[in-house]
Structure formats: C-alpha cells, structure tokens
C-alpha cells in the first residue's frame, strides 16, 4: 500500500531524474558558439552570388540543391547542404547559414550568423577580377554592414560579445591556382616559382585574418587546400590523362601550401592577443575518401554526378545535363565541388577537431 511518504519519495526521485534528463538534453543542444560567420569561395558560399548581376559563377538553377528539403536550388554548389550548413548544424548553431546579401534577413538570422563568401573568389584580387566574384578582400566590407545591423538589434556591447565568441570560417585558395596561376601565363611570369606565388597568396590570407581580428573576430578556422590534382576538372585539363588519375604535381603544390599555412597560423595567432586560430585540414580527409572510396560508400571518385562529370560546373551544370541517380555514391557533385555526402564526412572530422580545440 502506498503511503504519503512513499508517494513523496517517488515524486522526488521522478522529478530529479526528469530534471537531470532535461539538463543533459539541453547541454547536447546548446550551441557551442553564439554565431557562425563565413568568408571565402564556392565551397562555403550559401547564395551570395545569386545577387551580384555580373558573375557567371552561380548555382541558382537545377540540378543544384536537388537534395535540399524543398528540392530547390538556392545558390549552394552541391546537391544538398554544403560545409557551411553542415558544420553549423553539428555545432548546434543553425540548420542553414543564410547569405548576407539575401533580402529580408530576420533579426534572428543576423544574430546567429551569416555567410559572406562568394563563388569564384580568391585571396588574390586578380582571381576575382577574372571571375567577377566578390573578392575575399571586399568581404570585410559586407561584414562591417553586418556589424552595424547586429548592433542595431542587440546593442553595441552584446554585438561585440557575439562577434568575439563566434566561429569564423575562412575557406578559399583553390581558385587562385586552378582559375588563375595554372591558367594565366602572365601571372606565371610574374611568379615563376609556384612557391613564390603561394607565399603571395598566404600573405594575402594573413592580412585578411588580421583584418577580421581588427573587426572583433577571435575564434577563426582557416581552411587549407584540397588535393587540387584530384578535382575532376583538373584531370580533364590534362588531355592525355585518359585513365583519369590524380595530377601528382598539383597535389604536391597543395601539400606544400598547406605545410606553409600550418606554419604561418601559429605565428599569426601569437601576434594577435586573445585569438584562437585553427587550421582546417581538408586535404587528408579528401585523400582518405579518394583512396578508400568503398569504406565511405563511394563508387565514383574521378568525375562529378552532373553531366559527363568531367567539365560541368556552374552554368554548364544545368537542367539539360544528365544526372546520376545515386548521388551519395559520388565524391563530387560537379567537376569541382564535393557532394553533400563528402561534405558530411569532412564536417564530421572537423567537428571533432573543433570540439577538441575548444577544450584546449
């Protein structure tokens, strides 16, 4: 028979357990950063290129976005989510990161962060002049407008606290090589050594990080280069490469650049009081998937899912292009950009690294 003491004790235990469960659930869903701020190129551009009229690098047409919830293209260069969205989701910040140039952004979207990246952009201004993208060096101007809007919503003090604690993602660099240095003879004459050009690009990157710091950014994730020689479009560029193997020299270029970047970032952090700068390795995860595709569910790694997969990207990947049905089995969606499945794996690797970085 239940006594009043038994009932009271049972209620106490139940309430305690429920409270503990709720606290645990809340801890798991709490965002690790108050906001996410993203700068760079098409690997992280969530749609800013929908708005400048002069650029040809757009993804606001099918089949881009075919695996998004509404199956609708919105400027992301993949079949679904890209790295920006995936890392924001994993860190419990938001499901999708909106582009800053999107009209009618809500206050909540501003407070939790936006994307300033532009497809076709590079650290080298010459790269963006060729592609008509929003130059990386211009993206802080959008950021300044964002800061003004954020301050109008939450006030100056809270706005700077959000920016100081936001995760800032910087992802650019490949365009400087595949759309510029490798393709423009005059640029190679100015920088006869690839190492010299890498140093120039890295100096631009370093100045960019310092500018973000001057605007209040403190926690900055900086991406390295992927294995550029394994991008389908680069393999296609070598007409004799009938067997479609990775271009080892371009991969060596990526490795050298990444080694220099990993040496540079700790020096930059040491010069910027209170900063935490993390190198984001995309080369090794990509090579792991390329070398062990079946382990990750991939069956095709040398061409994209869109069209022939050898050359199509941006406007060449369109409604008239043939489309693979098994998109999760393709490492690349078009001839340059990874599929959502690939971004997911890279996101998992970096999520683990970021969480460890926060504890350090």
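Every residue gets a Cβ built from N, Cα and C, even glycine.
Now, the feature entries from Swiss-Prot:
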SIGNAL    1-23  signal peptide
CARBOHYD  22  N-linked glycosylation site
ACT_SITE  42  active site, nucleophile
CARBOHYD  104  N-linked glycosylation site
CARBOHYD  326  N-linked glycosylation site
ACT_SITE  334  active site
ACT_SITE  337  active site
Those recorded positions, out of 104, 326, 334, 337, that come within 10 angstroms of the residue listed as 'active site, nucleophile' at the Cα: 337
Entry from the recorded positions list 42, 104, 326 having the most other CB atoms no farther than 10 A: 42
Fewest other Cβ within 10 angstroms of its own Cβ, chosen from the active-site residues 334, 337: 337
Assigned element (helix, strand, coil) containing residue 42 (active site, nucleophile), judged by DSSP: coil
